[in-house]
């Protein structure tokens, strides 16, 4: 009898506790603001940091709290992101929640529906810039060694390999810039660090001056960068 | 990690990751049961037994327990072993059982046991988990015996009931003595550690 | 009857202070006492869990005795406490996210707080009635709060002192606790139960 009582008691207690907790966690669930999810879906998602926040999620949260400017997303500026954000922030939260639940919490679909029903013109987003893979980054870094001018250009780039410029990584971009196939303006996070000006200076240097810089600094990117800090 | 010898798993808990002085876990029984060396030894051995057995069991079933109810499951396993030890001590070492009193069932909430279950037993095989539990338990016991001896010697002039001196500072057996004795011991071990790291730096 | 309740209450707070005399709840005592705000938050959470847990475990204990399965006491009590702490976590996350964030890891750690299990077992061991249990638990919670908050004020002050290197951290905290405990010993004999 003791065994039966023990087993029954523990079973009932265990099930009771489980049910109670399940009920409590459902009743007291903390709903994540659907706006944050929608905003995140509108952003490019490269976590480049140009907005000044640590990652796209942080920027989304700041927008929802009204602590960031709508045009803060630099890569997103030319792909209609500020307009989308404006639309999200101006729409009534309950309406957004309802739309969100309709699409079963699919952020992309909700966005499309929202744009469609608002009747506003929002540019279709260009394909999201891809972050390069580790192999790509390394293979291009190796190629840098054969191209002194590209090495110097690479040194002044932010070196975060965000892929927004369209090239697979900063090393690849540096090679293209040195070969005059690309414009340094394309480096969006670099705009804050005066990369276009620095690259302009580098392009004006002669081959022997480039060689001297490399010799002085033994090719160390950090040292090269210092030379261009005015 | 796999190259870690079984011996080092065992000795890890005695010195390098001593649960009391390095990890600062399991403070409650440490302070409460070290009124004498013998009590400290008894408590330490009881905890070691629970630690070893629960580590083995949790390691055995680690792949069967769903992740969400991991902690409550561990707690139930540990509580079962503690109840067993409690009843065994009640039967076989009644005086010790009476002295340790409330702190035997409190072995359940000794952070060392749940901590090792979570950190080691849930990720390693049975033999290693057993050795880890044994090592931590021995380290715990050694520290308890040390503290118990200090308190007993200063407070009662004896160690393991073997009369040694006539100095009896009764306060050492009382709660303040526990805190202060442990604090001084902790400072002493810190001092040794600092000296050793200074010597290492000088040697570089 | 009322005097007995007052005695129990005073005893739990001052004479047999749960932290400084009974050595229960030392881990959070040393861990959460670095800042006064976290100390206060922790005290409130612990007191709440103490009172709720004591009531529920006291009631369940009657059932355990009725079915002659007293050996399940430890297991049942700790399960109740774990469930309650989990519930407090969920509740706090919704109602007071600030406090939830401030307490951080220490909230789930209340489960392994020996003070709560110790209190539950003591209530049963000393055969308190339900009312006495509630009073004892309230006293225990307040005593814990008193010790914790006092200690945190001292520790905040100590941050600004120059402490010899071997003593920094746990060692000086323990010695200070010892002195605090010595002070509380002065309450011995205040009331005779």
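Glycine is treated like the rest: Cβ placed from N, Cα and C.
Please treat TrEMBL annotations as automatic predictions, because they have not gone through curation.
The feature transmembrane segment is assigned by TrEMBL to C:6-32, C:44-64, C:70-92, C:99-122, C:134-154, C:166-187.
Long-range contacts of the transmembrane segment (C:70-92) within its own chain (CB-CB distance under 8 A, at least 6 residues past either end) are made by residues 45, 48-49, 52-53, 56-57, 60-61, 64, 99-100, 103, 107-108, 110-111, 116-117, 120-121, 124. Here the listed stretches are C:99-122, C:134-154, C:166-187, and the one with the most C-beta pairs under 8 angstroms to the transmembrane segment (C:6-32) is C:134-154. Sequence-remote contacts of a segment are chain residues at least 6 beyond its ends whose Cβ falls under 8 Å from one of its Cβ atoms, and for the transmembrane segment (C:99-122) they are 18-19, 22, 24-28, 31-32, 37-38, 41-42, 45-46, 49-50, 53-54, 57-58, 73-74, 77-78, 81-82, 85-86, 88-89, 92-93, 136-137, 140, 144. Long-range contacts of the transmembrane segment (C:166-187) within the same chain, counting only residues at least 6 positions beyond its ends with a Cβ under 8 Å from a Cβ of the stretch, are 14-15, 17, 20-21, 29-30, 33, 147, 150-151, 154-155, 158.
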